[in-house]
Amino acid sequence: MPSPGVPTTLTTLPADPAVRDRYCLRAPYVATEQRTVDVKFDVTIEIPKGQRNKYEVDHESGRVRLDRYLYTAMGYPADYGFIEDTLGEDGDPLDAFVLLPESVFPGVIVEARPVAMFKMTDEAGGDDKVLCVPAGDPRWDHIQDLGDVSQFELDAIEHFFVHYKDLEPNKHVTGSNWVGRAEAEAEITASVERLKNDAAH
């Protein structure tokens, strides 16, 4: 359901196969006339796609800090950061990664919308990752939910997050699986409420 006060916009899928084929992030289409886009938010990018440097925003100073260099020979599969004004189960803002045609820089804010979520648990507890695309960009209208993202893209992201801590002592990842947009939106809502409750104490 759309959030109160958030406008609902209907978007039509591109009819021309040549237009759809121009973008690599697609799955076989299910014939649908229209889909609803109703949630958008700011994602602060910390780590550009392809990086092994794990940058983190220092929430007290607002500056970007190098947390560590990944032990495994793997780079982040998409621009990665967090959703503003949220609190995840691990005590940090809810993680998100955004599919972009070109990577941005650490600290850049991208207005995005959710399409899926990768559920996982690490040594600190729940560590879900929301998969997003740019909001308001018609070139991404064909990606609205988990089934619209190519299986190869999903597999690459899953492989990274399952294995990127393999060589780091006392760190691990377990319980990983993909869920759709509705579950992602529910977790975002829960994370917003979690932050409000935390601030009230």
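Cβ coordinates are placed from backbone N, Cα and C, and glycine is handled just like the others.
As recorded in TrEMBL, the features of this protein are as follows:
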ACT_SITE  Asp127  active site, proton acceptor
BINDING   Glu46, Asp95  Mg(2+) 2 binding site
BINDING   Lys54, Arg68, Tyr80, Tyr164  substrate binding site
BINDING   Asp90, Asp95, Asp127  Mg(2+) 1 binding site
BINDING   Asp122, Asp127  Mg(2+) 3 binding site
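Its Cβ placed at the centre, Asp122 (Mg(2+) 3 binding site) has 16 other Cβ atoms within 10 Å. Neighbour count (other Cβ atoms within 10 Å of the Cβ, all protein chains): 23 for Glu46 (Mg(2+) 2 binding site).
DSSP gives Asp122 (Mg(2+) 3 binding site) a strand state.
Within 10 Å of Asp95 (Mg(2+) 2 binding site), judged by CA to CA distance, lies none of the binding-site residues Lys54, Arg68, Asp122, Tyr164. Under 8 Å, Cβ to Cβ, and six or more positions away along its own chain, Asp127 (active site, proton acceptor) finds Gly88, Glu89, Asp90, Asp95, Met120, Thr121, Val173.
Annotation for Tyr80 (substrate binding site): spatial neighbours Ile45, Glu46, Ile47, Lys49, Asp95, Ala96, Phe97, Val98, criterion Cβ-Cβ under 8 Å with sequence separation of six or more.
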